[in-house]
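Asker: This is the structure I have questions about; it appears just below.
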Amino acid sequence: MENTLLVVNCGSSSLKIALFDKDRQKIASMLAGRLNTPNARFRIGKQRDATKLPPNTTHKEALAVLMDTAQKKGLMPKQPAAIGHRIVHGGETFREAVLINDEVLAAIQACNLLAPLHNPVNVEGIMATRELFPLVPQVAVFDTAFHQTLPEHAFHYALPQNYYRDWGVRRYGFHGTSHAYMLQQAALRLEQSTAVTSIISAHLGNGCSITAIRDGKSVDTSMGLTPLEGLVMGTRSGDVDPGLFDYLQSKGVSAEQLHNELNHSSGLLGLSGQTNDMRTLSDLADQGDPSAQLAIDVFCFRLAKYVAAMMVSLNRLDALVFTGGIGQNSARVRQQTVNQLGLLGFAIDQHNNDDNGLNRGGRIDCKESRFPILVIATDEERVIAGEAARLAELN
Ligand code: AMP
């Protein structure tokens, strides 16, 4: 249990933790949910039945319970060797992961306004672990950091420049930890260094984003100021016409209602009117459900359009990479998307695609394809654990 690493991921009403051993193998994961509500609860790993927590349990209280439970079950020592926190927004301040001190904490708090739903709870997670384990080194790993290499033409919106100067309105990009991991994994498979690797990385989970990586650097990405822009997602709309705001206001839809619906009732859920779950949508589409089919069609069309758009930023493409729950598991989505990219020379091998490239090291392209196409499992928690160990100098 020596050198156990703790990874903390605080959501608005949830707290996810993962424990890794010194060889970066996952020992356990735990999830507390419905925090600050009367129905707070937690579960260990894939356990079916959740354990009730006292009503209105806070993030800090939940963390104490999870740590206590992990210790009693012999999953971790009295304290971890280092702690890695997933932080959603690092603004323009953070280009890489950092050891947390008071100055860093203040700089993270200064980014709160850019991600009001996420950063304040991330900060709460840091405060809680600092209180519980005051002597343990803590590291912040930012979703935005990998995209700090975006060139100006890619990160500026065509807005009056004082929006950027005064309020930081620009494209930041998210899922950076996952896209950086895709770069590293693709380079390994292609047997080349990351510094000369250029890929398009499509992270398709409940949240979805796509990134163009040129010679190891993020040069364009679909998410923007917030994680709402770009691809169709589980419940998020992705791109819409900003003219929508005015029009819907004239129909009596308030800004707050629209914000909620764009984030929580749109995307696959909004289009299908049934679910945000791609697996269920695939089953429904197989049964001939037209709204499920429409949701999948819009999802794949937008994704294909974005793959094409990402090529503008590259001078070579070593691989198109699919990851995330949908990217790793949905042969249907990959097939339908790649079928729309025939003119650009992408072509899929149906047999290898059907088993997620299992027997070909993740390769699912056919020999006629101009570019390799890869399926790679993402593991953001493991990357965060690695960064925590590196910066705490445990390696
Ligand atoms: P994530 O947020 O990365 O866990 O991804 C969640 C999404 O992945 C959900 O839409 C799931 O339905 C989808 N997903 C997981 N497994 C499959 C599968 N076998 N086929 C299609 N979609 C899947």
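Using the three backbone atoms N, Cα and C, a Cβ is placed for every residue, glycine included.
Annotations per TrEMBL:
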BINDING   Asn9, Glu380  Mg(2+) binding site
BINDING   Lys16, His203, Leu204, Gly205, Asn206, Gly207, Asp277, Met278, Arg279  ATP binding site
BINDING   Arg86  substrate binding site
SITE      His175  site 'Transition state stabilizer'
SITE      Arg236  site 'Transition state stabilizer'
Asker: Quick one: of the recorded positions Asn9, Arg86, Arg236, which has its CA closest to the CA of Arg279 (ATP binding site)?
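Answerer: Ranked by Cα distance from Arg279 (ATP binding site), first place goes to Arg236.
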Asker: Most Cβ neighbours within 10 Å: which of the binding-site residues Asn9, Asn206 is it?
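Answerer: That would be Asn9, with the highest Cβ count within 10 Å.
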Asker: Using CB under 6 Å from any atom of ligand 1, narrow the recorded positions Asn9, Arg86, His175, Arg236, Glu380 to the ones that qualify.
Answerer: none
Asker: Between Arg236 (site 'Transition state stabilizer') and Asn206 (ATP binding site), how far is it from one CA atom to the other, in Å?
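Answerer: If we compare the Cα positions of Arg236 (site 'Transition state stabilizer') and Asn206 (ATP binding site), the gap is 9 Å.
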Asker: Which of the binding-site residues listed here (Asn9, Lys16, Asn206, Asp277, Glu380) have a Cα atom within 10 Å of the Cα of His175 (site 'Transition state stabilizer')?
Answerer: Glu380
Asker: Distance check, please: Cα of Asp277 (ATP binding site) against Cα of the residue listed as 'substrate binding site', rounded to an integer number of angstrom.
Answerer: 24
Asker: According to DSSP, does Asn9 (Mg(2+) binding site) sit in a helix, a strand, or coil?
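Answerer: The residue in question, Asn9 (Mg(2+) binding site), is strand (DSSP, three-state).
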Asker: Taking Lys16, His203, Leu204, Gly205, Asn206, Gly207, Asp277, Met278, Arg279 as the record's ATP-binding set, what's the max Cα pairwise distance in Å, rounded to a whole number?
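Answerer: Comparing all Cα pairs, the maximum is 23 Å.
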Asker: I want to check the contact list for Lys16 (ATP binding site): same chain, sequence separation of six or more, C-beta distance under 8 angstroms. What comes out?
Answerer: Val8, Asn9, Cys10, Ser29, Met30, Leu31
